[in-house]
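Database features (TrEMBL):
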{"type": "TRANSMEM", "residues": "7-23", "note": "transmembrane segment"}
{"type": "TRANSMEM", "residues": "29-45", "note": "transmembrane segment"}
{"type": "TRANSMEM", "residues": "52-70", "note": "transmembrane segment"}
{"type": "TRANSMEM", "residues": "82-98", "note": "transmembrane segment"}
{"type": "TRANSMEM", "residues": "105-125", "note": "transmembrane segment"}
{"type": "TRANSMEM", "residues": "131-151", "note": "transmembrane segment"}
{"type": "TRANSMEM", "residues": "163-182", "note": "transmembrane segment"}
{"type": "TRANSMEM", "residues": "202-224", "note": "transmembrane segment"}
{"type": "TRANSMEM", "residues": "229-247", "note": "transmembrane segment"}
{"type": "DOMAIN", "residues": "238-385", "note": "domain 'O-antigen ligase-related'"}
{"type": "TRANSMEM", "residues": "253-271", "note": "transmembrane segment"}
{"type": "TRANSMEM", "residues": "283-301", "note": "transmembrane segment"}
{"type": "TRANSMEM", "residues": "377-395", "note": "transmembrane segment"}
Amino acid sequence: MKSYNYINLIILHACIGFVVYMFKPFSKLYFVGILLLSLYYIFLATAKKREVYVLVSCAYVVGSEVFLRMTDGNFLYEASKYFVILFLFIGMILSEGVSKKSFPYIIYLLILIPGIVIAASTLNYDTNIRKAVAFNLSGPFCLGIAAIYCYGRKINIKDLQNILLATILPLIATTTYLFLYTPSIKSILSGTGSNFAASGGFGPNQVATVLGLGSFLLAARLFLQSKNLLLKIINICILALMTYRAIVTFSRGGVFVAVVVIVAFIAIFYYKSTSKTKTRILYSGLVFGVCILFTWLVSSLNTEGLIDKRYSNQDALGREKEDITTGRTDLLANELNAFLDSPFLGVGVGKLKELRFEKEGVKAASHNEMSRIVGEHGAFGLVAFSILLLTPLFLRIRNKNNIYFYSFYLFWFLTINHSSMRIAAPAFIYGLCLLNIQYEKPAIHRKQIIK
């Protein structure tokens, strides 16, 4: 992609964030526009390009999901996951199909069915079964479909980078909106707990997660695609702004995950590079490190040191908190106890939330997909999670082309352990780690010998 096209797309999405802030109903038009334009490009694309347009459309939906939720743009809360599933199904039908080797994920999807049947008999009479199933299984089902579609599918590295750019762009709109929503962080400080006001009035956990993903993708873009000084400056500035907004949500999970996946990406990239490229990586790494340090210092100043206390597990007065996991350990223990009580079939989809309310009087959804799936699906859940955990690693043994593999895999695993599958991002990113990335071989020019 040419530099001026990239800059125009950045400006366009900054404008989208501004317009939505000034006129919130525009968010619904944005939602409809995403759907119609995605379907337009998918159906009109040539067979060769369609699989790329499918993934670009899914990536854009993933990047815009939290923005649409915080601005009431979605007509349905889980609409983004449904869109991803829809686009992938269309891609499967109109393309040459899927790899036969993706059968473990078909088994994974089938394994989820008994939990739905159990839920029909265990959920309380006044519980909406459809909503309970949609809330808990739309993410896992989205992951299964993404994995089936992506498994072993050949994608050019340039196409993959465009797919990742499609995720970044709506996150630029999100970041713009957040700066307009709360331009002054000092005015909305309220201790060291997660800050809804700094998160656009929405869930800090989800906001930090997607902004952390954006920070990682921008960092990767800085190392791989910033071919000139202008692009370096643009990417480092957007990275700093996005990282800053992730930090000041006071939700640590998304930021911690971003740090881990960025380090994993840089380490793999450095290991696989030539000596000349390693020198360039060290230079970019120095610039990146200075950027992150500066961003943290600004965050600390604007939060009057509260962010430092947050990451030191202290309250506003500097006293150490008892539980660094903010209640997640208790949720994990309850879910594992449910598995021990019903080890074979589990308690049924959505039942864990009801059991927690009956025992403790607290309505809290799971934050850990691993414990949720075994608690609600029992032994079937153990098998299902084992498929998700191991299948990409077996694929990696045979195919080591995907430079993003470990970063994508770690993003999925770490995210579902602090934020479950509330958003489509971990499901879709998991699918991307199964792609077979193709690299263009440099052309060899031979002189013709004339006798």
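From the backbone N, Cα and C atoms, a Cβ is placed for every residue, glycine too.
Counting Cβ pairs under 8 Å that are 6 or more residues apart, the transmembrane segment (163-182) and the transmembrane segment (377-395) reach fewer than 3 and are not in contact. Between the transmembrane segment (29-45) and the transmembrane segment (82-98), three or more CB pairs separated by 6 or more residues in sequence fall under 8 Å, so the two stretches touch. Residues 34-35, 38-39, 42-43, 47, 50-51, 54-55, 57-58, 61-62, 76, 138, 141-142, 145-146, 148-149, 151, 153, 424, 427-428 of the same chain lie 6+ residues outside the transmembrane segment (82-98) yet bring a C-beta within less than 8 angstroms of a C-beta in it. Only sequence-distant pairs (6 or more apart) were considered; of these, fewer than three Cβ pairs between the transmembrane segment (105-125) and the transmembrane segment (52-70) are under 8 A, so the stretches are not in contact. Long-range contacts of the transmembrane segment (202-224) within the same chain, counting only residues at least 6 positions beyond its ends with a Cβ under 8 Å from a Cβ of the stretch, are 63, 65-66, 69-70, 161, 164-165, 167-168, 171-172, 174-175, 178, 194-196, 232, 235-236, 238-239, 242-243, 245-246, 249-255, 257-258, 261-262, 265-266, 269, 281, 284-285, 287-288, 367, 404, 407, 411, 415, 418-419, 422-423, 425, 429.
Here the transmembrane segment (7-23) has Cβ contacts under 8 Å with residues 30, 67, 71, 73, 165, 169-170, 172-177, 180-181, 234, 238 of the same chain, all six or more residues outside its ends. With a threshold of 8 Å between CB atoms, the same-chain residues lying at least 6 positions outside the transmembrane segment (52-70) that come near it are 17, 20, 27, 30-31, 34, 38, 41-42, 45, 77, 79-81, 83-84, 87-88, 90-91, 95, 146, 149-150, 155, 159, 162-164, 166-171, 173-174, 177, 199-202, 206-207, 209-210, 214, 423-425, 428-429, 432. DSSP states for the domain 'O-antigen ligase-related' (238-385), grouped as helix (H, G, I), strand (E, B) and coil, give 106 helix, 2 strand, 40 coil. Model confidence over the domain 'O-antigen ligase-related' (238-385) stands at 87, taken as the mean pLDDT rounded to a whole number.
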